[in-house]
Amino acid sequence: MLENYRNLVSLDLDLQCEIISYIEVPTYETDISSTQLQSIYKREKLYECKKCQKKFSSGYQLILHHRFHVIERPYECKECGKNFRSGYQLTLHQRFHTGEKPYECTECGKNFRSGYQLTVHQRFHTGEKTYECRQCGKAFIYASHIVQHERIHTGGKPYECQECGRAFSQGGHLRIHQRVHTGEKPYKCKECGKTFSRRSNLVEHGQIHTDEKPYVCEKCGKAFRRGHQLTVHQSVHTGKKPYECKECGKGYTTASYFLLHQRIHKGGKPYECKECKKTFTLYRNLTRHQNIHTGEKLFECKQCGKTYTTGSKLFQHQKTHTGEKPYECKECGKAFSLYGYLKQHQKIHTGMKRFECKECKKTFTLYRNLTRHQNIHTGKKLFECQECGKAYSTGSNLIQHRKTHTGEKPYKCKECGKTFSLHGYLNQHQKIHTGVKPYECKVCRKTFTFYRNLTLHQSIHTDEKPFECKECGKTFRRSSHLTAHQSIHADKKPYECKECGKAFKMYGYLTQHQKIHTGGKPYECKECGKAFSRASNLVQHERIHTGEKPYVCKQCGKTFRYGSALKAHQRIHRSIKV
């Protein structure tokens, strides 16, 4: 112990006697040999820090730990100027700059910067998890992870940000968070030059360029870039969700997802966009959102050259080339490329809509759909097109709109050759050819290709019109109908036909009009061969052959093929009452 202290003094470190006072050495009433004493010290942590009550197995470790409190970091990196508490930490850090990874895993060939990282990594292959939580029984590979995990049960967050007051369970998380305020992004990708505030984000991003997926699920063989992604995926097979929200009962596979979910109830959105003032619960959502304003797209598909603002969007897009859809709904057999899409879809069958709009009481299965809907009431449109000045309530709508100026339609239907600006539109269109209509109205048994069409149709039976025009008080079943109606008051017609110069209030009206010039009628009736320019017109026409009359008058029970015919008929009853 004394020798260790002399070594520290020889390094020119200013160690006060008070540091030694942090060491509480236990006394033993009976005589114990030095060999026995060493075994006790190895087994027990007898040295306690008075500042934070953390315990250590040696006095030297306690002295090193004390630097956390006195913020003493004498070892400086000449590359970036970052300081460290020990020479060993500096050596490890310098390997980030040099790229040196001298420790190789014999199982998978992956290299690491330190022997400790290799030892911990090997536990992924052996499945060894030596640290178990006494509260819930969850086991961890790292000792630090169980300390962090236990704070979920206790709620302890001792590290507070002086800028915004946000508290954290770990000092490391606080330091990373502070980069949000400073704008510091010290980790740079050598491939594309993108910078990151966290090393883990850089590592995750780097795998996009290499396509490396070292973590493989033993159940289905699916591979992942990160260990935690594999852990989350495995819950698909086990169905285990140990973290349950007390507010709404929703369960989560990981503590991190659980903590993020809780912000929905608390309303915490600490990250604000400087461009449009939109706030976010997660910093990564803010950085993803900012790409809408900059137009930056760093992630390119090697198959077709299409670029994306986020790696996750590229990952989703790549499945359009492979056609991979491993997640199947047990209720209706529909398959999905991502597990998240399956989870969203399953809510259609359960009918669960937990998120309610306070303005009109409309409920939603997804929180993001609620926030998108709320913009209808506020009229907030933060995303403006730089070409024509048109504003949108969501960034995704702006991205879709931009393609009206570029004319870009990269997605082509193999059946009829029709092209689309978005892959989602192509998917929707293809259902016209397959004829699949899995969504049925319980009132009139009418079936629909899309769930949203079913929900819109159901309002016919309820007469519900939640969307009201603030100018004239007229109400509508759909938000799109309200938007179209509002253009009457604004008297704007930004969409002009290049053929004849006629202008339209909505882009949909323009595309419909353009078919007059092109003569395009891709939708053909299988019964009589009559062709139509719109799929909805074909659907209406087919009722002539089937005899279907889904619109029922509640007054007299008379049925009609079209909603417009029902409306015209209902005027008869109104005039009789008058």
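Cβ from N, Cα, C; glycine included.
Taken from TrEMBL, the feature domain 'C2H2-type' covers 47-74 (among others).
Residues 92, 95-96, 139-142, 214-215, 227 of the same chain lie 6+ residues outside the domain 'C2H2-type' (103-130) yet bring a C-beta within less than 8 angstroms of a C-beta in it. Taken from TrEMBL, the feature domain 'C2H2-type' covers 103-130 (among others).
What TrEMBL records for 131-158 (among others) is domain 'C2H2-type'. Helix, strand and coil counts from DSSP across the domain 'C2H2-type' (131-158) read 12 helix, 4 strand, 12 coil.
Here the domain 'C2H2-type' (187-214) returns a mean pLDDT of 78 for the predicted model. What TrEMBL records for 187-214 (among others) is domain 'C2H2-type'.
If you look up TrEMBL, you'll see 215-242 (among others) marked as domain 'C2H2-type'.
For 299-326 (among others), the entry in TrEMBL reads domain 'C2H2-type'. Counted with DSSP, the domain 'C2H2-type' (299-326) comes out as 12 helix, 4 strand, 12 coil.
Within the chain carrying the domain 'C2H2-type' (327-354), a Cβ under 8 angstroms from the stretch's Cβ atoms is held by residues 233, 236, 248, 250, 316, 319, 363-366, 438-439, 451, all 6 or more beyond its ends. The feature domain 'C2H2-type' is assigned by TrEMBL to 327-354 (among others).
The domain 'C2H2-type' annotation in TrEMBL covers 355-382 (among others). Cβ atoms under 8 Å from those of the domain 'C2H2-type' (355-382) belong to residues 264, 276-278, 344, 347-348, 391-394, 466-467, 470, 479, 482 of the same chain, restricted to positions at least 6 beyond its ends.
For the domain 'C2H2-type' (411-438), residue counts in helix, strand and coil come to 12 helix, 4 strand, 12 coil, using DSSP. For 411-438 (among others), the entry in TrEMBL reads domain 'C2H2-type'.
What TrEMBL records for 495-522 (among others) is domain 'C2H2-type'.
Here TrEMBL flags 523-550 (among others) as domain 'C2H2-type'. Sequence-distant contacts of the domain 'C2H2-type' (523-550) (same chain, six or more residues past either end, CB-CB distance under 8 Å): 429, 432, 441, 444, 446, 512, 515, 559-562.
Helix, strand and coil content of the domain 'C2H2-type' (551-578), in residues and according to DSSP, is 15 helix, 4 strand, 9 coil. For 551-578 (among others), the entry in TrEMBL reads domain 'C2H2-type'.
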- [ ] Tally the residues of the domain 'C2H2-type' (495-522) by DSSP class, grouping H, G and I as helix, E and B as strand, and everything else as coil.
- [x] 12 helix, 4 strand, 12 coil
Open item on the list: Same chain only, please: residues at least 6 beyond the ends of the domain 'C2H2-type' (551-578) with a C-beta under 8 Å from a C-beta of the stretch. Say none if there are none.
Closed with: 444, 460, 540, 543-544
Task: Long-range Cβ neighbours of the domain 'C2H2-type' (215-242) (under 8 Å; 6 or more residues past either end) - done: 124, 136, 138, 204, 207, 251-254, 256-257, 326-327, 339
